[in-house]
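*Asks:* Attaching a single structure in structure tokens format; questions to follow.
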Amino acid sequence: MTKKYNIAVIGATGNVGRETLNILAERNFPINKVYAIASDSSLGREVSFGEKILQINSLKSLHFDDIDIAFFCAGSEVSKEFIPKATASNCVVIDKSSLFRVDNQVPLIVPEVNLSTLKEFNTKNIIANPNCIVIPLAVALKPLDNEIKIKRVVISTYQSVSGAGKAGMDELYDQTKSKYVFGENDPKKFPKQIAFNIFPHIGDLNKDGYTSEEAKIASELNKIIGNHFKASVTSVRVPVFIGHSISVNIEFNDKIDAKEVEEILQDADGIVTISNNNYLAYISPVEVVGEDAVYVSRIRNDVSRDNTINLWITCDNLRKGAALNSVQIAEELINNYL
């Protein structure tokens, strides 16, 4: 008989929390009972879980003794306050905030890349889910690095507003609507107008000129893949609702060409490659909404630098960039560790 688990999704009314519930249902995760948890302001609301409707429960009233696995999807402050309570009750936590990602005692997992490090989870009973840009980057970069070591990476991200939560999506919608009726809608969630605009500012601005988002991406990539290369990152917010895209310039330590890169990626787990032989041979954000794969296209040689490749990565940031990755981690946990 298949063992079933009690699951809690904390932040169940947010973008990632709702998607986590959707994916748990889609993939028939063996659940005995599922708890949809959010702040007190969300009490009385309902969320979908497959064909079922779940009532929102309060985090403050949740008994972690009753929970086997908790998905934390509510940000670093909530994680900081409540994860110690969860782990003290022997609940395994999969945390989607940035709080534990660079903690050396907490594995930072992308299942296609570094599942072998998952065995370290029981040091703290916490597994960290990487940044929503780092996940597709790691899926694409690791199989290449396995073949020929990467020397450096230059990354420009084009991140949708859903990465900033429902408030970010609402702000894009409201500003767009206001522009069509000649109204004004001042930015609240974002530092500048997002409708019909882009800006290279995600997270806080650091003293070195990089943003906190850019620093996270570089440090998390090194933790997952290795410290033998450096990454220079520019993170850009774009007026797209769902779907992150990434322009990547990769310099290798040895000779490689675009054809070889394409062949390596075609054999890699979790990737769909688009050949340059096709007309419109690239994937845009609207095409990946609801998709689980990481799409890689525009694979080409950098004509300005030897041993260097350019490519374009696109994925659904709410699915593989967040919720799906964490559910895949949970599947591995119950198959081999719990």
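Each Cβ is built from the backbone N, Cα and C atoms, and glycine gets one as well.
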*Asks:* Can you find which of ASN317, ASN325, ASN335 Swiss-Prot lists as binding NADP(+) at the same site as THR13, GLY14, ASN15, VAL16, SER41, SER42, SER162, GLY163, PRO187?
*Replies:* ASN317
*Asks:* Can you tell me the CA-to-CA distance separating LYS216 (phosphate binding site) and THR13 (NADP(+) binding site), as a whole number of Å?
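*Replies:* Approximately 25 Å lies between the Cα of LYS216 (phosphate binding site) and that of THR13 (NADP(+) binding site).
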*Asks:* Near HIS244 (active site, proton acceptor), meaning Cα within 10 Å, which of CYS132, GLN159, SER162, PRO187 (recorded positions)?
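*Replies:* Those near HIS244 (active site, proton acceptor) - Cα within 10 Å - are CYS132, GLN159, SER162, in sequence order.
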*Asks:* Give the number of CB atoms, excluding that of CYS132 (active site, acyl-thioester intermediate) itself, located within 10 Å of its CB.
*Replies:* 27
*Asks:* ASN15, SER41: which of these binding-site residues has the sparsest Cβ neighbourhood within 10 Å?
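*Replies:* It is SER41 that, of the binding-site residues ASN15, SER41, has the fewest other Cβ atoms within 10 Å.
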*Asks:* Cβ neighbours within 10 Å, counted over all protein chains: which one of the binding-site residues ARG101, LYS216, ARG237 has the most?
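*Replies:* Its Cβ has the most other Cβ atoms within 10 Å: ARG237.
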*Asks:* For PRO187 (NADP(+) binding site), which residues of its chain lie six or more apart in sequence with Cβ-Cβ distance below 8 Å?
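*Replies:* Listed in sequence order: GLU171, GLN175, GLN193, ILE194.
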